[in-house]
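Enquirer: One structure coming up, written as structure tokens, with questions to follow.
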């Protein structure tokens with residue numbers, strides 16, 4: 001706190017022109033090389049030498065100091081120190097003083113109670129908070145004694161260390177040990193309070209332990225501190241309130257990083273202080289707290305903003321590694337899910353196909369706590385053989401993993417645990433009976449979905465779902481479905497991950513795809529979707545299996561109607577995409593090459609969730625996800641193109657019509673009509689849902705995006721010959737059209753226009769040069785002659801009263817350029833009215849006469 005007396009200019013001259021008699025400056029430089037700004041008095045040296053005691057201070061200064069203490073005690077405030085600033089040479093008061101309080105609350109209460117003013121010995125004094133120290137780029141800080149030196153000093157004011165040595169970065173422990181941080185007294189920088197009593201013992205560390213603990217961050221020490229693991233809903237006021245007992249900060253010192261879309265903070269904030277010493281002291285205080293610093297129920301991690309990278313590895317697995325694993329596994333998941341959902345007609349892979357090991361995807365990832373169980377797609381997973389975390393063999397319906405059990409008429413799928421625990425979330429069980437139809441008779445089969453609690457952290461590799469051919473007869477009893485309920489996902493807490501392009505959910509450990517609105521579990525390599533009615537995450541694989549059953553049940557009705565629906569396999573879709581990519585490269589147009597046609601779902605098919613299907617989202621993101629991967633890797637084919645592929649559950653339930661002759665015979669309007677779901681009022685081509693039928697029709701008629709997607713959809717079903725013809729037509733349209741040449745060829749070249757007629761007819765007389773009328777002399781008909789005749793002048797007489805002037809008019813003569821008046825050869829008697837021939841003749845005559 002600063003008390004400044006509003007006196008005259010002479011009372012405050014000591015602040016700017018005082019001399020400095022310290023021994024380290026020598027006898028040559030006796031004047032102080034700075035302007036004595038109102039910096040914090042705690043940065044002033046405490047011992048000024050023996051000269052300090054020689055001055056006899058006046059009684060008024062002592063009375064002022066006692067008056068300040070008396071007023072503080074009358075208000076019940078005990079100040080830690082009251083220091084009146086004096087001139088070192090004269091001992092006179094410099095007109096201001098500092099009052100240090102024990103707590104920030106006492107200083108604030110004192111300022112508010114006195115309204116920033118005080119009466120001392122009949123003099124009105126204004127009170128202000130002490131100003132911060134000069135900026136670090138103006139003055140330099142001594143790392144040995146901690147004194148702030150002015151920028152023009154070549155050595156430290158207190159300890160005499162040269163500037164080059166004092167500015168070298170020392171270990172943080174050495175600097176903090178030499179400061180008075182554990183003492184909680186005067187050597188603290190501005191804005192920081194002393195260490196509380198319980199934490200002073202923690203601050204007094206040995207130099208070895210402190211240097212070892214702070215060595216990584218001391219190399220990157222700066223004046224900015226970062227706070228990590230903030231609550232997304234934490235505000236600036238909550239951060240300032242949590243740091244109020246340890247530092248005097250304002251909103252200008254704290255910067256909270258917010259998300260542009262949600263306007264919530266992204267989990268971290270920066271605190272910028274005036275100097276590195278203040279940042280180091282505040283960092284030491286916050287790191288020494290036991291229990292650690294908490295803001296809005298979240299434990300905060302504090303470190304230098306530009307410190308070394310932290311070791312992100314933890315017991316439950318690295319989040320960054322999980323993100324890279326997720327982005328690497330997506331391409332393989334396209335083929336694995338399609339192979340896993342074939343149904344009862346096919347197995348996981350052909351027995352004669354050579355074994356393929358996909359464990360190289362996990363190379364150098366270190367994902368999770370174990371290496372064997374965390375492989376993305378191990379050989380046992382694809383081949384239905386024994387693998388890490390699996391106890392069953394191929395064809396064995398009972399020997400499943402520890403989390404998988406098969407009973408009569410029940411398919412049990414256990415979803416692996418989420419990667420992070422959610423405290424206090426005890427999910428309940430939600431049971432719902434599901435009835436299905438089989439081809440042999442009317443019976444009910446139930447499926448049990450068991451989604452483990454987020455509190456479970458151990459991940460185990462699950463065995464794949466057995467095909468429907470392994471189910472017992474249709475006389476199995478009915479069992480209810482059990483689901484684990486979870487809170488509604490909070491999108492505001494999601495964090496964007498650049499490696500995978502997904503949003504990471506810190507509560508469940510899942511990765512969210514905003515385009516397809518599906519969740520990806522990096523541990524179980526499964527896609528999930530949120531079911532609002534069941535309040536749980538449902539695997540997309542099971543959803544596709546249900547759709548496959550419904551498709552098989554409704555196939556008989558289709559046969560009765562003599563209508564056979566073709567399906568696209570993954571290989572056919574890949575061929576369509578390659579053909580479409582070739583046409584785009586030829587046209588050099590920027591179309592989206594990851595389009596896949598979608599067929600409208602029939603009313604009697606299975607009731608799906610509000611989100612899009614996982615199979616379409618996976619196949620659509622094939623090209624985009626391949627570009628996101630850091631290392632390009634080719635996926636081996638799981639099945640040969642020559643072998644006819646049976647219908648697959650995931651693709652057969654949601655894919656469009658196949659590229660066959662039967663499809664080509666159908667009309668374009670019929671195929672385009674299937675791209676609209678009138679029941680749900682959704683455009684399946686643009687993947688948009690509308691509130692009313694009128695809005696959907698208006699979208700189809702006016703939307704440019706719909707027209708562009710429709711053109712892409714039409715081109716995707718054209719043959720190669722039609723594409724070439726269309727390409728040739730487009731190239732012809734892109735050529736330059738010379739419309740002027742077309743007009744000349746059609747109408748001919750027009751005749752040039754006739755010249756404009758003159759306003760006055762007849763041939764005009766030849767123009768006479770303006771000097772020609774005076775060539776033969778001036779006549780008596782000019783205006784000058786008439787004016788002279790009016791004044792009594794007669795032709796042949798001279799000018800003047802007595803006719804003594806010139807008789808003939810003065811004629812203009814030409815002289816040589818650059819010659820002076822009267823110089824020899826300057827004039828040859830040539831006038832401006834003479835022609836070139838006459839001028840040349842006179843010049844030659846004049847030169848001849850001068851030569852003689």
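Quick reminder: no glycine exception, Cβ is built from N, Cα and C everywhere.
Relevant sequence annotations retrieved from Swiss-Prot are reproduced here:
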type	residues	note
COMPBIAS	1-14	compositional bias 'Basic and acidic residues'
COMPBIAS	21-45	compositional bias 'Basic and acidic residues'
COMPBIAS	463-484	compositional bias 'Low complexity'
COMPBIAS	545-561	compositional bias 'Basic and acidic residues'
COMPBIAS	665-675	compositional bias 'Basic and acidic residues'
DOMAIN	223-307	domain 'RRM 2'
MOD_RES	61	phosphoserine
MOD_RES	306	N6-acetyllysine
MOD_RES	640	phosphoserine
MOD_RES	645	phosphoserine
MOD_RES	655	phosphoserine
MOD_RES	658	phosphoserine
MOD_RES	660	phosphoserine
MOD_RES	703	phosphoserine
MOD_RES	719	phosphoserine
MOD_RES	767	phosphoserine
MOD_RES	824	omega-N-methylarginine
REGION	1-78	region 'Disordered'
REGION	343-365	region 'Disordered'
REGION	386-410	region 'Disordered'
REGION	426-446	region 'Disordered'
REGION	459-489	region 'Disordered'
REGION	542-568	region 'Disordered'
REGION	634-675	region 'Disordered'
REGION	740-783	region 'Disordered'
Enquirer: With every protein chain in view, how many other Cβ atoms are within 10 Å of the Cβ of residue 703 (phosphoserine)?
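Expert: There are 15 of them.
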Enquirer: Give me the mean pLDDT over the domain 'RRM 2' (223-307), rounded to a whole number.
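Expert: Average per-residue pLDDT within the domain 'RRM 2' (223-307): 88.
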Enquirer: What Cα-Cα separation, expressed in whole Å, is found between residue 703 (phosphoserine) and residue 719 (phosphoserine)?
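Expert: That comes out at 27 Å between the alpha carbons.
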Enquirer: Around residue 719 (phosphoserine), how many other CB atoms lie within 10 A of its CB?
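Expert: Taking every protein chain into account, the count is 11.
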Enquirer: May I ask you to report the DSSP-based helix, strand or coil state of residue 719 (phosphoserine)?
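Expert: For residue 719 (phosphoserine) - judged by DSSP and reduced to three states - the answer is coil.
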Enquirer: Quick one: DSSP breakdown of the domain 'RRM 2' (223-307) into helix, strand and coil?
Expert: 20 helix, 27 strand, 38 coil
